[in-house]
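Asks: The structure follows.
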Amino acid sequence: MEENRVLNQKHKFVNIIILIAYLIYLVTSSLVSGIISDNHVEKTKDWVSDAFDYTWVQTEEGYDLHYQAVISNHTSGLIDLVNLRFLLLDEEGEVIAGFIHRYEDLQAGENRLVENTHSFSEKSTIIEQSTYVPFNNQLSNLIQFSFGFLFLIPLFFINRKSYVDDFITFKNDPKKHIGHIFSGFLLVYLMAFIAQVIMISLNVQETSMNELAIQSMFTSDWISIITLFFSLVIFAPIIEETVFRKSLYNIVQPRFGHIGAVIISGLIFGFLHVAGWGDFIQIIPYAFMGLSFSYIYYYSGRNVYVVIGIHALNNLIPYLTYTSRLFE
């Protein structure tokens, strides 16, 4: 009895260490990427400019924002990529929605006319707009790749016994666990469909800031394509499922039971995928996704490899979609 109590305390301690390490990983990687990116944007802010104009048109579904801009290259050389970013703000300055358009190969001295239309559920009285040369995506993706890889090493070391135990369980009945992966994948997409219906009923049409950030990572150089594959399809599922299911779920479960653990770990997963309070409505699809992963983790006998597999498949589809668009 005493031996089991000591073992449970040890597992709880390990799980808490993993959660703390994950928070440090998130803060550190975000700070490093942010500092380097901000310095780059500041250094290149005089390279390009724009003459920007927009109009709002009311529709049956909400409002259409139509904009025109002339993007100018003030340098004597080719600029590979220019980002035109829009943030719609409320009266308190919180982000309601946002989008980024990317324009490639702006020649020296070129003035390029660009225009587009976006639909929104509500009209914003404040628009924050900027045109800038983005931080080198290849280097940015390498930074994210490096942080993910460096975090995985101690993660495997700290949690190695648990990984081994789950692997043995998976190997002893692979057909059952692979079945859980594919049935769980279908559940994730069913929940995503329900979340989308809710978002439409709330007249929310905007893409989440988290999704916009992921889209902006994709460029046609092969180093970025490869590092993004590892970061999004390999590292992210392993790290997030270990943290939210293997650690957080098992910390919460003794006090709140399996239902409480499913709900709490799922909602926290959703919350941490929201970029800010102005983007908070986007917690709905991410929370539904987190609840799906947590339920499947419970249903599969708490085997972390099942939810890692589902998460990897879930990330693989948008990865292939965004990559294919680069070569159209």
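The backbone N, Cα and C atoms fix where each Cβ goes, and this holds for glycine too.
In case it's useful when we look at the structure, here is the feature table from TrEMBL:
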TRANSMEM  12-36  transmembrane segment
TRANSMEM  139-158  transmembrane segment
TRANSMEM  178-202  transmembrane segment
TRANSMEM  222-244  transmembrane segment
DOMAIN    224-317  domain 'CAAX prenyl protease 2/Lysostaphin resistance protein A-like'
TRANSMEM  256-274  transmembrane segment
TRANSMEM  280-297  transmembrane segment
TRANSMEM  304-322  transmembrane segment
Asks: Can you tell me which parts of the same chain pack against the transmembrane segment (139-158), counting only residues 6+ beyond its ends and a CB-CB cutoff under 8 A?
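Replies: Residues 14, 17-18, 21-22, 25, 28-29, 32-33, 36-37, 217, 223-224, 227-228, 230-231, 235-236, 238-239, 242.
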Asks: Give the residue counts of the domain 'CAAX prenyl protease 2/Lysostaphin resistance protein A-like' (224-317) per reduced DSSP state, in the order helix, strand, coil.
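Replies: Helix/strand/coil tally for the domain 'CAAX prenyl protease 2/Lysostaphin resistance protein A-like' (224-317): 85 helix, 0 strand, 9 coil.
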Asks: How about long-range neighbours of the transmembrane segment (178-202): same chain, 6 or more residues beyond its ends, C-beta under 8 Å?
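Replies: 121, 281, 284-285, 288-289, 291-293, 295-296, 299-300, 303, 306-307, 309-310, 313-314.
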Asks: Could you pull the average pLDDT for the domain 'CAAX prenyl protease 2/Lysostaphin resistance protein A-like' (224-317)?
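Replies: Over the domain 'CAAX prenyl protease 2/Lysostaphin resistance protein A-like' (224-317), the predicted model scores a mean pLDDT of 91.
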